[in-house]
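Colleague: Below is the structure I would like to discuss, written out as structure tokens.
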Amino acid sequence: MEFGPYLLLASLEGAVTAAVLALTAVGLSLVFGVMRVVNVAHGEFFMLGAVLAWWIATTVGGHPALGFAVALVVAPLIVGVLAALADMTVLKRVAYDPERTIVATIGLLYIIQQVTLMTYGPEARPVEPPFNHRLAIPWIERVEGSWQLYYPWGLSTTSYKLAVIGAAAVVLLGVWALLARTRIGLVMRATQLDRDMATAFGIPVERVYALVFGLGAALAALGAVLVVPIQQAHYLMGGDPLLLSFIVVIIGGLGSLPGTVAAAILIGLSDGIISVFFSPTLAKIIATLLVALVLVFRPQGLFGTRAA
Amino acid sequence: MLELQGIGAGYGQAQVLRDLSLTVDGGEILCLLGRNGAGKTTTMKAIMGLLPLMSGKVLLDGVEVSALPPHRVPRQGLGYIPQGRRLFGELTVAQNLEVGLMARGAGADVREQVLDLFPRLRERLRQRAQTLSGGEQQMLATARALCLSPKALLLDEPTEGLQPSMIDAIRQVILRMRAQGVAVLLVEQRVDAVLSLADRVAFLENGRLARTLPAADLRADHAIVDRYLGV
Ligand SMILES: Nc1ncnc2c1ncn2[C@@H]1O[C@H](COP(=O)(O)OP(=O)(O)OP(=O)(O)O)[C@@H](O)[C@H]1O
Ligand SMILES: [Mg+2]
């Protein structure tokens with residue numbers, strides 16, 4: 001058996017993980033960057049996205065692609081609005097104090113989880129992918145002195161998985177464009193850099209916060225909608241994304257979006273590769289170890305520039 | 001134009017300003033003097049709505065700005081040049097100006113006027129604010145505030161750490177604003193710089209107004225300055 005094709009397969013699986021993780025972690029990073037608060041309920045917004053996707057897909061019915069398309073737009077929207085409301089009713093009340101926000105979002109975490117358990121139930125439910133062609137993985141080998149393309153037996157991915165990677169890349173580009181190229185992005189960055197001066201120049205900081213919190217949650221929800229045809233929706237599914245997002249945000253450098261994306265790719269790919277060749281548990285152990293090392297030796301993150 | 005009526009303000013429980021009343025007319029430069037820690041910066045923050053008032057009110061052009069949410073205060077036409085400049089350091093010169101322009105929905109014409117006042121900024125529009133020299137940073141902080149086409153301008157130690165030619169450039173801008181009818185509230189440490197510029201001078205002592213008098217009186221009798229500032 002050749003090693004190369006398996007590495008390619010593992011990398012593809014890892015890239016899917018990385019894509020979803022990048023979306024989720026960028027949401028967390030955005031909230032931390034602009035608002036300087038840690039959102040412990042971030043994983044629950046992810047879960048809510050997945051559960052809503054199931055609910056929307058089932059309600060809409062018809063061709064799976066139709067329900068999925070509606071879910072792709074509506075689920076992040078609902079989650080975003082819910083998060084913005086939570087921001088305005090809860091986080092604003094605790095004045096975005098870092099410690100009290102952690103406690104408040106822990107409370108939010110349990111509320112979202114329990115309400116989902118009471119309404120959606122404890123089952124894991126799948127959402128049908130909008131399309132799902134098997135794609136054999138090609139590899140090249142040297143036959144009689146010339147390179148030839150062939151398809152190793154039994155190795156394949158799906159068109160949907162590739163689409164997830166593409167969709168995540170497009171959304172991340174969109175987030176980048178929003179921040180770097182639009183007025184609302186400018187307002188968000190000014191708020192991040194100096195809250196008081198932003199206010200002194202007419203920026204409604206509290207509204208910016210609600211927007212950023214909503215946007216962060218919506219990104220997590222979007223990641224979940226993308227992953228739910230591969231993973232199934234379950235009310236406890238928020239734990240892993242939260243942990244991995246934290247890992248990614250710390251490794252990437254708190255609040256740095258390019259760093260977050262780079263770290264998501266690093267963690268996602270290594271997670272995929274280590275899971276395929278060794279075990280998923282080992283992958284998590286190594287990721288956690290990496291965080292510990294980063295925290296000790298490079299607290300500003302691998303890609304961060306300033307001290308955290 | 002700008003009117004402070006018996007304001008009290010502070011940080012948390014600690015009150016800094018007590019019963020402070022001031023007026024600055026349009027086309028007038030009022031200079032606020034006081035020792036370090038007297039409450040000059042606090043006064044500016046209170047006017048901008050960045051500190052909640054414990055008492056009193058602030059009026060701009062007859063509008064009670066202290067009753068508005070903080071982000072609506074500058075939109076009434078208050079330009080603030082804070083102590084230490086406080087630029088959006090990671091943003092470019094152009095973006096810093098853009099933030100100023102957005103506050104009151106100003107257009108390209110205002111931007112051009114402001115850049116005409118500071119030609120050096122025009123050459124550096126794409127440079128990050130934090131990489132500007134100290135003098136250029138002060139220009140940018142001033143330009144950013146002028147982007148609001150302010151009715152009243154608050155300047156907190158605008159010449160701190162600048163060389164004479166730069167101080168003169170800032171001075172010229174302040175005079176020009178006065179000529180355009182802007183109410184200017186200026187905080188300055190360097191008394192000599194103030195005396196040639198100000199119309200009136202107000203002395204702040206431990207958060208209270210100790211005395212307000214025409215700058216001409218001070219020019220005639222320098223002893224008053226020494227009494228309040230204890231130089
Ligand atoms: N954020 C803050 N929290 C608590 N107290 C503060 C804060 N900022 C200023 N103070 C206190 O308020 C008082 C007035 O400070 P302020 O900055 O207004 O002085 P100032 O007149 O501007 O002095 P300087 O000439 O040194 O700039 C000082 O005693 C200061 O310690
Ligand atoms: Mg001061």
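Placed from the backbone N, Cα and C atoms, the Cβ positions cover glycine too.
So TrEMBL has the following annotated:
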- A:6-33: transmembrane segment (TRANSMEM)
- A:45-62: transmembrane segment (TRANSMEM)
- A:68-90: transmembrane segment (TRANSMEM)
- A:102-121: transmembrane segment (TRANSMEM)
- A:160-179: transmembrane segment (TRANSMEM)
- A:208-230: transmembrane segment (TRANSMEM)
- A:242-269: transmembrane segment (TRANSMEM)
- A:276-297: transmembrane segment (TRANSMEM)
Colleague: For the transmembrane segment (A:68-90) and the transmembrane segment (A:208-230), does the number of C-beta pairs under 8 Å, pairs 6 or more apart in sequence, reach 3 or more?
Modeller: yes
Colleague: Among the recorded stretches A:6-33, A:160-179, A:208-230, which has the greatest number of Cβ pairs closer than 8 Å to the transmembrane segment (A:45-62)?
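Modeller: Comparing A:6-33, A:160-179, A:208-230 against the transmembrane segment (A:45-62), the winner is A:208-230.
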Colleague: Mind checking which residues of the chain, 6+ beyond the ends of the transmembrane segment (A:160-179), have their Cβ under 8 Å from one of its Cβ atoms?
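Modeller: Sequence-remote neighbours of the transmembrane segment (A:160-179) are 12-13, 15-16, 19-20, 22-23, 26, 30, 129-133, 135, 185, 188-189, 219, 222-223, 226-227, 229-230, 257, 261.
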Colleague: So which of A:6-33, A:102-121, A:242-269 is most in touch with the transmembrane segment (A:208-230), counting Cβ pairs under 8 Å?
Modeller: A:6-33
